[in-house]
Amino acid sequence: MTQGGKKKKRAVNRSIMLAKKIIIKDGGTPQGIGSPSVYHAVIVIFLEFFAWGLLTAPTLVVLHETFPKHTFLMNGLIQGVKGLLSFLSAPLIGALSDVWGRKSFLLLTVFFTCAPIPLMKISPWWYFAVISVSGVFAVTFSVVFAYVADITQEHERSMAYGLVSATFAASLVTSPAIGAYLGRVYGDSLVVVLATAIALLDICFILVAVPESLPEKMRPASWGAPISWEQADPFASLKKVGQDSVVLLICITVFLSYLPEAGQYSSFFLYLRQIMGFSSESVAAFIAVLGILSIIAQTIVLSLLMRSIGNKNTILLGLGFQILQLAWYGFGSEPWMMWAAGAVAAMSSITFPAVSALVSRTADADQQGVVQGMITGIRGLCNGLGPALYGFIFYIFHVELNELPMPESPAGGSVVTQYHLQQNSIIPGPPFLFGACSVLLALLVALFIPEHTNLNVRSSNWKKHCGSHGHPHSPQAPGEAKEPLLQDTNV
């Protein structure tokens with residue numbers, strides 16, 4: 001080896017050792033304030049999504065100003081690329097965090113997820129480009145759930161995941177309204193600065209206050225230790241879908257129902273703002289009301305329905321509400337129709353928790369991770385396909401704005417909005433109607449799912465590679481398939 005090569009290798013080794021010392025003190029004692037706890041994870045999640053929630057209204061404006069002719073198509077492509085990259089990278093980052101520890105990957109995911117924020121005012125083109133690429137690291141929840149799994153007992157884990165999910169929902173219920181108010185009074189530049197400051201605060205909190213949760217004895221002595229590439233394969237769980245007829249029915253139901261939901265979340269607030277004539281404050285209020293109603297639906301209403309009509313019927317009822325909601329969005333041409341359909345959307349949010357409960361009740365204990373992993377993989381795939389599909393449907397039906405919104409007319413809506421509603425008076429929102437048809441197919445498939453059965457998926461290889469790191473706290477823990485409310489309303 002040449003002298004230059006040796007120097008380069010020594011420099012790389014010094015960089016790795018320096019990074020490791022930042023995260024872990026000598027002797028294996030974790031840095032941070034106190035012992036690892038769920039509250040550390042809760043604060044990390046709250047700060048990250050509070051920062052992004054502040055930018056809900058400014059992002060919608062900048063998106064339209066940057067892509068005035070193909071707003072919905074470009075929005076779909078941006079969110080689609082981000083979703084697909086997240087789907088591909090999540091298992092790999094999870095496997096690496098099993099080897100190198102959680103704190104380093106919390107730092108990476110939060111940093112790269114929040115990196116686009118200051119670019120909103122510096123260069124909108126770079127802002128949206130970096131948002132797309134940031135999907136590689138936009139998997140903070142996977143690492144956070146692994147962090148929680150490291151420090152909780154199995155009987156405590158559901159409550160801990162619930163606390164993290166509730167914190168996420170709370171950040172999105174409050175932050176869009178705050179961002180819209182500050183933008184209207186002080187301008188969007190202040191909102192971007194505030195969001196950047198909160199993101200930096202989150203990064204500093206991870207560096208200074210968050211202790212490493214993965215015990216030193218669980219990690220290999222060398223950072224160059226191999227990982228299980230089968231575990232890092234994003235398609236590993238999907239390959240097992242056809243091994244059981246009941247699993248196949250459940251997975252088809254999840255795909256057909258979640259594909260339009262993922263597309264809807266990527267474009268719906270832009271649709272309200274630019275096509276339906278909602279103000280920034282109205283969009284923020286819509287998010288808050290929908291979030292609160294969904295929390296009620298997924299807790300009180302869901303438990304009552306599960307006890308009274310059973311698991312399968314609850315799934316069918318949720319799919320029925322989703323069909324009604326999407327059809328109402330598709331044919332609705334007045335703001336009050338959007339509010340009414342939003343209330344129905346809250347009821348449709350019971351579908352996925354009911355599916356997860358059905359799987360957990362019918363699958364054997366050693367099959368939980370396999371089946372939940374399949375469902376999570378399908379949802380991740382939909383996060384990439386759904387936004388791109390919705391953007392393309394908006395494009396082929398010519399639902400676009402060719403000029404900036406004009407001042408409000410005396411009737412209350414903008415002139416551009418009224419023009420578009422006249423153009424598309426029969427079906428104002430074509431993608432939502434397509435989504436309703438997709439969910440109808442999901443409902444027909446779900447009718448064939450038996451209420452009580454034993455899922456039998458051959459999982460010997462899965463269990464082998466899941467156990468390859470010597471501990472059960474991998475990011476594919478069963479509870480992690482239960483993604484939090486409105487997780488897909490990323491902006």
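Cβ coordinates are placed from backbone N, Cα and C, and glycine is handled just like the others.
Marked as compositional bias 'Basic residues' by TrEMBL: 462-472.
Marked as domain 'Major facilitator superfamily (MFS) profile' by TrEMBL: 37-454. Note on the domain 'Major facilitator superfamily (MFS) profile' (37-454): mean pLDDT across this stretch is 79.
If you look up TrEMBL, you'll see 462-491 marked as region 'Disordered'.
The transmembrane segment annotation in TrEMBL covers 38-57 (among others).
Among the features that TrEMBL reports, transmembrane segment is placed at 77-97 (among others).
TrEMBL lists 104-120 (among others) with the feature transmembrane segment.
According to TrEMBL, the feature transmembrane segment maps to 126-148 (among others). The list of residues near the transmembrane segment (126-148) in space but at least 6 beyond its ends in sequence, with Cβ under 8 angstroms from a Cβ of it, reads 36, 38, 40-41, 44-45, 48, 62-63, 66, 74, 77-78, 81-86, 88-90, 93-94, 97-98, 102, 105-106, 108-113, 115-116, 119-120, 157, 160-161, 164, 168, 213, 473-475, 477, 479-480, 483-484, 487, 490.
The annotation transmembrane segment is assigned in TrEMBL to 160-183 (among others).
Look at TrEMBL and you will find 189-210 (among others) tagged as transmembrane segment.
Among the features that TrEMBL reports, transmembrane segment is placed at 246-263 (among others).
Marked as transmembrane segment by TrEMBL: 283-306 (among others). Note on the transmembrane segment (283-306): residues 56-57, 60, 166, 169, 172-174, 176-177, 179-181, 269, 272-273, 313-314, 317, 338-339, 342-343, 345-347, 349-350, 353-354, 357, 485-486, 489 of its chain, located 6 or more positions outside it, place their CB under 8 angstroms from a CB of the stretch.
For 313-331 (among others), the entry in TrEMBL reads transmembrane segment.
Residues annotated as transmembrane segment in TrEMBL: 337-359 (among others).
The annotation transmembrane segment is assigned in TrEMBL to 380-397 (among others).
What TrEMBL lists as transmembrane segment is 432-449 (among others).
The stretches the transmembrane segment (337-359) and the transmembrane segment (38-57) do not meet in space: the count of Cβ pairs below 8 angstroms, excluding pairs fewer than 6 apart in sequence, stays at fewer than three. Using a Cβ-Cβ cut-off under 8 Å and counting only residues 6 or more beyond its ends in the same chain, the transmembrane segment (189-210) has close neighbours at 22, 32-33, 36, 40, 43-44, 47-48, 50-52, 54-55, 57-58, 103, 106-107, 110-111, 114, 117-118, 120-121, 179, 182-183. Counting Cβ pairs closer than 8 Å to the transmembrane segment (38-57), the top stretch among 77-97, 104-120, 313-331, 380-397 is 104-120.
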